[in-house]
Every structure is written in C-alpha cells, then in structure tokens.
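Participant: Residues or ranges marked as active site, proton acceptor by TrEMBL: Glu106. Here TrEMBL flags 112-345 as domain 'Radical SAM core'. Taken from TrEMBL, the feature [4Fe-4S] cluster binding site covers Cys126, Cys130, Cys133. Residues or ranges marked as S-adenosyl-L-methionine binding site by TrEMBL: Gly175, Glu176, Ser208, Ser231, Leu232, His233, Asn307. Annotated active site, S-methylcysteine intermediate per TrEMBL: Cys350, in sequence order.
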Amino acid sequence: MEAGDRVEPQTEELRARRPLFEATADELRAWTVEQGHQAYRVRQIQQWAFHRRASSFEAMTDLPLDLRRRLDADWSLFATAVAFRGESPDATDKLLLKCRDGRMIECVLMTEEHRRTVCISTQVGCGMGCVFCASGLRGVERNLTTAEIFDQVLQAQNLLPLGESVSHIVVMGMGESLANLDALLAALDRVCSADDGLGMSQRRVTISTVGLPEKIRKLAAQDRQYHLAVSLHAPTEELRNELVPVNEKVGLTAVVQAADDYFRITGRQVTYEYVMLGGVNDRHEHALALGRLLRGRKSHVNLIPYNPVAGLPFERPDPDGVRRFVATLRDRGVSATVRKTKGQAIDAACGQLRRRFESAPSPAFVSPLTVEVS
Ligand SMILES: C[S@@+](CC[C@H](N)C(=O)[O-])C[C@H]1O[C@@H](n2cnc3c(N)ncnc32)[C@H](O)[C@@H]1O
Ligand code: SF4
C-alpha cells in the first residue's frame, strides 16, 4: 500500500465476526480441536496474525485449506478497515481506520532509528473540551472497544517491513485515555502478552491523561509497568480552568497529588505534558510558577509546541521563548525537554485528520467512505 493512496479495506472484508485477538490461546485451541484440527495450529495462526502480517486467513499458506476456510467463517483478523493512509516526510504514517459502525479513528506510526512508536486513540472524540484540541470539538461520541484499541497497534505494525515490530506505544491520540480505562487495559494486556499477543514490554507503553485523580489511582493499583503522562498545560488553577475546563471540577492540586501517588505506588516517574500556546501559557511568569509547582517532585516536563488547529485561535510559541522556558525550569532543578513535532504534514495532531476528512471530503477521500462495513 502506498501512502496517500485510495485504500480499499483489507482483502478480508469487515464483517460481524469476532476479532481473532479476543480469543485467548486456550479458547482458540478448543475451537481448533472442535474443527477437527490439532491444537498446535493455534501457534501458527497467532504467528501469522500478530507477527507475519497476514492480511487474510487465505494468506496463511501453511495451514490446511479447510482450517483457513473455517477461520474465515468464524473470525475476523481485524476490527477496523484502513480508510486512508497519509505519510509525512519525517517518517510518520497516519492511519484513518473505519470502525464497523462507520466511525473513524486515528493512529500514527512514528519511525525513528531505534524506535517504532504508535500513537493510539481510546475514544471517538473527547468529552474533556480542552480549548486548543481538535479531538474534543464535537464532544465524545463513544468509547472505543478493546478490539478497536488493539487493532490500531496491529494495523500500524502491518505498515512495517517484516521483521520489524512496534517497539513503543503512546496513548496520546483521540480521547481521554482514563475515561475508557477498562477497555484500554484489556487491549494493552493483549498487546503486552508474550503468549497470545504482540509481546511488547509494559515499560514501553505511555498512557497520557488530562488528569482524572481517581482513575490515576486505579491505574496505579493495577500492578502494571505503564508510564504515566499527565497533561498539565498550566501552572495555576485559574489558567488551567481556562484551557482545560474539566479542571474546574478536578483542580490542579488534586491532579498533582494523584500523580505523586502514582509515583509512590508504582515507583515510575511521571511526565507532565505542557502544550505551549503562543502568548497564552508560554511566558516567563508561567515557567517560574511551573518551576515552583514541580520543584522537588520526581517528575519530568515535556513541552509540546502547539500544532495549530484550523478555526481555533491559538498559535505556535516563539522558539526562543520555548528555549528560555526550558532553561528557567532546569535552573530550578525541574527536568524538562521539548518534544519534536512530527507528522504535521499529515495532520498528526489528535483528531485533525478525522476532522479534515469529515468536514471537507476531497475526491481522494470519497472512495474509502464507501467501504461497506456490515
Ligand atoms: C490528544 S491528548 C490524548 C490523551 C489525553 N486525553 C490527554 O489529554 O493527555 C494527548 C496530548 O496531545 C496534546 N494536544 C492536543 N492537541 C494538540 C495540538 N493541537 N498541538 C499539540 N499538542 C496537542 C494534549 O494536550 C495532550 O497532552
Ligand atoms: S487534550 Fe486530551 S483530554 Fe483534552 S480534549 Fe484533547 S484528547 Fe481530550
């Protein structure tokens, strides 16, 4: 598949069959024996599905034909269909995936020298309403299912050459991750399972949240190794209330306390994300206040230069100002770095590709919308 092409769904059509990944190895073994085949075939099926990039059951050529046909009748390899693939010159691929109900979700694959990182979504839209973010402009439509979350990793992995795998996951796409925590955890468990998943290390997964204190504590209690990123964006209650409306109910202090608890319970250092909006939260006084808030806390600040969203009144920050902001934090003993903005050419900020796709479909976009999903 070439980037930017019209994309037909996988050779396998999306039908209302159960996604293969939902079955545990034991369940699939029982099903395989029921079909009159030996249980060891399950290892082959899962190898094809999760590591050998099969695009259909038909392509699993070392399985008996009869078993391939039965698989095709009862199971689906994917829960979504690739509707559009965009590629950026900075080695970033963005996939727009169509769900069975016709809704679109986004994921991004970023390829660096030693990393293959996929950024995944957890909801269609978002209900948190951060004023600078494209994801929340129309509110939340629904939570993604476990299958739809897992599928994003699988579909992104399928873009890589055989022998290369997704090495890292960041849950930083559309939606508030912790508002769909149970489905997310179930999907990540399978992604990280060496027995019947992709075998990824939990330590290479970062979950980003707007900061829902009770959910942060619930995540901390899961006995998992996930890295937590908290989207702070402002050093004072007043400014955070303006930028992140949910803060009015939650409160900055409660968010930071929950993040402290996450570190205390898991021993994993928390990252604070801070989107820098030109002239809004990027001034020296903001750096000083952020330094005061985080000084002495075992944390790291990730500054994200704003990626402008059409129709929203925010601008990128001045690069020299960003450098001064970092220096001010570091002078106060707060660890901080600036994130490289990848994928702008393909709208790789959350929710932007879907929005462009839905609001102004160009001829190149029309074909995928006609994909039949039953
Ligand atoms: C899209 S959110 C998804 C995860 C979760 N809802 C959260 O807020 O952390 C991931 C990160 O992207 C940031 N973000 C949203 N819109 C952005 C934009 N236009 N430019 C840069 N970063 C953006 C958010 O502030 C957040 O830190
Ligand atoms: S930044 Fe995160 S929480 Fe805020 S609207 Fe966007 S996706 Fe939702």
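From the backbone N, Cα and C atoms, a Cβ is placed for every residue, glycine too.
Show me how these features fit into the structure around them.
Facilitator: In the three-state DSSP scheme, Glu106 (active site, proton acceptor) is classed as strand.
Counting only same-chain residues six or more apart in sequence, the Cβ atoms lying under 8 angstroms from the Cβ of Cys130 ([4Fe-4S] cluster binding site) belong to Gly136, Val210, Ser231, His233, Leu243, Val244, Pro245. According to its DSSP assignment, Cys130 ([4Fe-4S] cluster binding site) is coil.
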Participant: From the recorded positions Glu106, Cys126, Cys133, pick the residue whose C-alpha lies nearest to the C-alpha of Gly175 (S-adenosyl-L-methionine binding site).
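Facilitator: Answer for the nearest of the recorded positions: Cys126.
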Participant: Using C-alpha atoms only, work out the spacing between Glu176 (S-adenosyl-L-methionine binding site) and Cys133 ([4Fe-4S] cluster binding site) and round it to an integer in Å.
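Facilitator: Taking the Cα atoms only, Glu176 (S-adenosyl-L-methionine binding site) lies 12 Å from Cys133 ([4Fe-4S] cluster binding site).
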Participant: At the Cα level, what's the spacing in Å between Cys126 ([4Fe-4S] cluster binding site) and Leu232 (S-adenosyl-L-methionine binding site), rounded?
Facilitator: 17
Participant: Please check each of the recorded positions Glu106, Ser208, Leu232, His233, Asn307 and report the ones with a CB atom less than 6 Å from an atom of ligand 2, ordered along the sequence.
Facilitator: none
Participant: Quick one: of the recorded positions Glu106, Ser208, Leu232, Asn307, which has its CA closest to the CA of Cys133 ([4Fe-4S] cluster binding site)?
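Facilitator: It is Asn307, whose Cα lies nearest.
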Participant: What is the maximum Cα to Cα distance, in Å and rounded to a whole number, among the residues Gly175, Glu176, Ser208, Ser231, Leu232, His233, Asn307 annotated as binding S-adenosyl-L-methionine?
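Facilitator: This binding site's residues have a maximal Cα-Cα distance of 19 Å.
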